[in-house]
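What follows is a short report on a single structure.
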Amino acid sequence: MRFKQLHTSSLCLLPNRTRIHAQSAAPPRRNTSDFFRSPTTKSLPEPRTKKVTDSDIVKCNIAITTHMRNGQCDVALRLFNSMPRKTTVSYNTMISGYLSNGSFKLAHQLFDEMPLKDLVTCNIMISGYIKNKNLLAARQLFDEMPVKDVVSWNAILSGYAQNGLVDEARRVFHLMPEKNEISWNGILAAYVQNGRIEEARRLFESKERWPVVSWNCLMSGYLKKKRLEEARQIFDRMPVRDAVSWNTMITCYAQNGRMEEARKLFEKSPIRDVFTWTAMVSGYIQNGQLHDARRIFDEMPEKNVISWNAMIAGYVQSKNMDLAGELFEAMPCRNVSSWNTMITGYAQSGDIARARNLFVKMPHRDCISWAAIIAGFAQNGDSEEALQMFIEMKRDGERLNRSAFTCVLSTCADIAAFELGKQIHGRVVKAGYEFGCYVGNALLAMYCRCGSIDEAYNVFKRIEDKDVVSWNTIIIGYARHGFGEEALKHFESMKRASSRAPDDAQNLMRSMPFEPDAATWGALLGASRIHGNTSLGEKAAEMIFALEPWNSGMYVLLSNLYASSGRWVDKKKQHMLKCHSEKLAVAYGIMKIPSGRPVRVFKNLRVCEDCHTAIKHIAKIVGRLIILRDPNRFHHFKDGVCNCGDYW
């Protein structure tokens, strides 16, 4: 049987007539000498080379495309090199595949080697240049092309738009000999993405028919600028709406606290996918309506991991870890965000044992997981364990993020671990986080509290966008180290840069990872008085009175704010000023205390602005030093000024 198989395979090399003969009769008996016949014997013809057809080339090109889609660039290259004949499509397939797999250099090399380039080749390469942020090379190739189609023009238009060069994109758009929907949507998106919403609106009105994607683009531009009414007008005018249209509008209403409008749209929506339902759940959670969020969550016909995570995060934010834990256990599938949310929740509620237990059980950790557990130990006073986890994180090879650096630097400051703090500083520099205020402030505090004020100042200088925390830390650092003049010098510098203050402070409070307390809102109220921002001050006061309605000092601050902004009706205070006890006490002291001696007054409420101003004038008129102590500080009035500089 083995011989028969060998003999049959040999027949493939014989001419057709011999093959037919072999099939119609038994093979002739051969003697031993037949197997040693010279290869040059003329009785055996040369084997034929199979001709490569166009169909074979197409099959190879399809196989190359498949390999590239699977990320198998080496396999695709071997097949490409083995092809006896390559077409322009073969080269284009390879170049496009390299670009989609991020191998720009290999794509460029093959492009240079290509014997004949067509229009498709150039279009592919223009997109490759743009994807790799080389707009100059893309434009050069575009200009060299002898023939361009609408794809070429759209590619270069998209390149300018993606790089924020809206005017260049507009010039390209106007020069286009032919425009399609992609061209119109490309220039519209360029205006919207770069904040030029009015130009986008004018362009939109200049053309009658637009696809739904363009309507959605313009609507999202208004929503990004918080112009909800104009966005709703666009939504109402849409001839056709898709799921993106409904979900975008519902989500924006929900995120801006307008849950009634979001609910009405949700009920009208003909398309309710998992994203629509999740938008409602997230909206109710963001607005503190957990009961409504859970009702929607329970009604959802389909839930994804984002839906589960949103509901769990809502319970974590409300400190209800029991219900958060129940949902977490019931989840059919979890991602790393699910675990991180629970670890953070347990850590922030002081249950570090459960946080660590979950951390150990995690199937996969990321840098947020490590930062959460490190922060948990640090916030619960276990500094040594926090540092140990940081060391394990480095051993595990996990990338260190800002949160991890900030937590471990704060821990070094707490236990005065100066040498370790310096080592971490080196890693901060390598990671490129040194110049940001988030990590920079932690570095600054670490050096201040570890007794190295010079290195603290060096860090302070390098922080690019100094916030109120940066200034306060360096001022307090100098003061604690006994450098009073340096502290005052930086205080004056902070006042000169005070055009940061109220709005930046409010933005900082919004981005805080925890809820601001009454003291934080009080600082914002004080800043509002100094900068004359009455509306912001009223909002801060409202939050304070909700948290601490008994805080009389804050009522005084609000009253001072109304006075400084000229709102005497709101202050209702002129007739009360004569009754303020500190002025009566100062007057009594001036009468009873011998001339030349300071008048000292102590009170249990914060001094109001009116009394503060009055005592400055009194001190100047009578030529006396008047020392007033309120719950916050000592005020030294002399020659018409107070040593607090009117900041208290």
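Every residue gets a Cβ built from N, Cα and C, even glycine.
Note: TrEMBL annotation is automatic and uncurated.
Keep in mind it's a predicted model, so treat the numbers as computed, not measured.
The following features are taken from TrEMBL:
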REGION    21-50  region 'Disordered'
COMPBIAS  33-43  compositional bias 'Polar residues'
REPEAT    87-121  repeat 'PPR'
REPEAT    149-183  repeat 'PPR'
REPEAT    211-245  repeat 'PPR'
REPEAT    273-307  repeat 'PPR'
REPEAT    335-365  repeat 'PPR'
REPEAT    366-400  repeat 'PPR'
REPEAT    467-501  repeat 'PPR'
DOMAIN    570-648  domain 'DYW'
For the repeat 'PPR' (273-307), sequence-distant contacts whose Cβ falls under 8 Å of one of its Cβ atoms, 6 or more beyond its ends: 243, 246-247, 250-251, 253-255, 257, 259, 262-263, 266, 313-315, 317-318, 320, 331, 333-335, 337-338
Rounded mean pLDDT for the residues that make up the repeat 'PPR' (149-183): 88
Within-chain partners of the repeat 'PPR' (87-121) [C-beta distance under 8 Å, separation at least 6 from its ends]: 57, 60-61, 64-65, 67-69, 71, 73, 76-77, 80, 127-128, 131-132, 145, 147-149, 152
Helix, strand and coil residues within the repeat 'PPR' (211-245) as assigned by DSSP: 26 helix, 0 strand, 9 coil
